[in-house]
Amino acid sequence: MKTGLFFLCLLGTAAAIPTNARLLSDHSKPTAETVAPDNTAIPSLRAEAEENEKETAVSTEDDSHHKAEKSSVLKSKEESHEQSAEQGKSSSQELGLKDQEDSDGHLSVNLEYAPTEGTLDIKEDMSEPQEKKLSENTDFLAPGVSSFTDSNQQESITKREENQEQPRNYSHHQLNRSSKHSQGLRDQGNQEQDPNISNGEEEEEKEPGEVGTHNDNQERKTELPREHANSKQEEDNTQSDDILEESDQPTQVSKMQEDEFDQGNQEQEDNSNAEMEEENASNVNKHIQETEWQSQEGKTGLEAISNHKETEEKTVSEALLMEPTDDGNTTPRNHGVDDDGDDDGDDGGTDGPRHSASDDYFIPSQAFLEAERAQSIAYHLKIEEQREKVHENENIGTTEPGEHQEAKKAENSSNEEETSSEGNMRVHAVDSCMSFQCKRGHICKADQQGKPHCVCQDPVTCPPTKPLDQVCGTDNQTYASSCHLFATKCRLEGTKKGHQLQLDYFGACKSIPTCTDFEVIQFPLRMRDWLKNILMQLYEANSEHAGYLNEKQRNKVKKIYLDEKRLLAGDHPIDLLLRDFKKNYHMYVYPVHWQFSELDQHPMDRVLTHSELAPLRASLVPMEHCITRFFEECDPNKDKHITLKEWGHCFGIKEEDIDENLLF
């Protein structure tokens, strides 16, 4: 026991001096100035030293107990952490005892080799021997040990409470992280904690110790300021927690209100969307119903209108299709149209192949006749199809009783059969007349067996005329048109008058003077110049309207057209025309050949007949009254045929320049 007490006394002397020095300082930072005076004033009596130590220990204990009580009062608000705090106190006491024993062991080992800060200051400032200082330290043994034990216990308690406080604060901050105000307060609390921690670290760094040694005296020096700092930190934490709780309550309430408001808005939006969808669906259904009603009404209206139009078209088409004939019977109008088309064909057939002396210049070409006939056939077929559709629509659209409807169907079927048979006969007749040609004044008509034959055309069936369509016949009579003239000729067929009646010239009949010999000599000069000017006009018109001249013809005319020496069209005197012919002979060679090829069409046998010359004659007689005598002079052998050589000689073309290769 004595050895144990002695050992404790030695430990007390080691711990007494720095503990007293720490308690005397206001900022928990011992310096040489604060420690040195206490250590330099060596007491004369042991009793005084012991009393002073007791007083300081009692004050330290009172301070630490007061802080512990304050922290426990602040922590009593949290009921959930009381039990853990009590357990922490008991465990901290046990840990404090263990720490005391460990510190005793360490102090016994390092006592001789680890002088404290107080002894270092004494060595530097005082000249007293080491034994006196050690005796002074031993005087402060008991109070040092007690104060050390109490400080360890209080430190462990405060650490437990701090460790419990920190997770509570952390969880509290996590729950209120969305609030900006609570975040600012949390940052402020952290800033308040950081200086305390940094101050503690600075204190630990400022307390010197020798390198390579584990000095427990330095740890004990820092324990009391740590208690003070930890207690202060706990007060700040509790205050900040109270502030955070108070500040978080309105933010939580506002957040709940916002959630409720958002939820209410969302419900309103959902309700409004549902209402809009219902309204849209109802509107769509109404629109569909209205469109259905309108479509039904439109269908009925359209059916009525179409039926009305079809009946009107039927009556009009039937009226147009039927017309009176010479026999008093009614014949289809479209057949009469074909007759009109064949009218010209008949005239052409009369005057063309049979070469009767008539006006062949105005006979339509075969292509024109065929196109006209095809058009009439297509029109006829279209009318028949429309009539069939009208009958079908009438059958479908009727809403009459069943018996009457069946009777009407029977009538319609019989009518359709009759019309179809008539239509077939008409189509067959039209097809047979397509390849059958009649001379002018005649029309093609098929008999009951479908065989085509030519009949005379009624002048009434000729198309409407204009004043410019008038022609003059050889009987010196003016006719409304060539159709009327040749229809009259057909009726007079078999008589002398009918045989002699021909188309003399275009226009109304007038007095034609007799051609003299001098005029016959001058006629070829005017005729050559006229043919040349006609080609120039066709060349100019062909650039805008293709089809007048082919490529070879254009190349030939181009040379004449671009020649600067060409005599322009005009009323020139005979002397000028003769001089130009001699000077620019080559410009007149091709126009003479071109006119022969234009007249040699029915047939193209390199020979011109009177019928082929008739178109040119009829157009020139009113201006050139010598044209008839000129054509008579061109046929010296009087065979009624004019060859290319005879034609060339009449126009003064040399025999070596007459070439059939120019007939293209």
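Count begins at 1; order follows the chain as displayed.
Heads up, the Cβ atoms here are built off N, Cα and C, so glycines get one too.
Take the candidates CYS438, CYS444; Swiss-Prot pairs CYS433 in a disulfide bond with CYS444.
Among ASN280, ASN329, the residue that Swiss-Prot annotates as N-linked glycosylation site is ASN280. Between CYS462 and the candidates CYS438, CYS472, CYS483, CYS490, Swiss-Prot annotates a single disulfide bond, the one to CYS483. For CYS454, the disulfide partner named by Swiss-Prot among CYS438, CYS472 is CYS438.
Noted from Swiss-Prot: CYS490 is disulfide-bonded to CYS456, selected from CYS456, CYS472, CYS509, CYS515. Residue-level annotations in Swiss-Prot identify, among THR31, THR300, THR465, THR474, THR31 as O-linked glycosylation site. Secondary structure from DSSP puts CYS650 (disulfide bond) in a helix. If you compare Cα positions, CYS433 (disulfide bond) sits closest to HIS641 out of the binding-site residues ASN637, ASP639, HIS641, GLU646.
The two recorded residues, ASP639 (Ca(2+) binding site) and CYS462 (disulfide bond), have Cα atoms 36 Å apart. Counting other Cβ atoms within 10 Å of each Cβ, the disulfide-bonded residues CYS433, CYS462, CYS483 show the lowest value at CYS462.
Among the disulfide-bonded residues CYS438, CYS515, CYS634, CYS650, the ones whose Cα sits within 10 Å of the Cα of HIS641 (Ca(2+) binding site) are CYS634, in sequence order. Nearest to ASN637 (Ca(2+) binding site) in space, judged by Cα atoms and limited to the recorded positions CYS456, ASN476, CYS650, is CYS650. Of all the binding-site residues listed here (ASP635, ASP639, GLU646), the one with the fewest other CB atoms within 10 A of its own CB is ASP639. Looking only at Cα atoms, CYS490 (disulfide bond) sits nearest to CYS438 among the recorded positions CYS438, ASN476, CYS626, CYS634, GLU646.
Calculated from their C-alpha atoms, the gap between CYS626 (disulfide bond) and ASP635 (Ca(2+) binding site) amounts to 15 Å.
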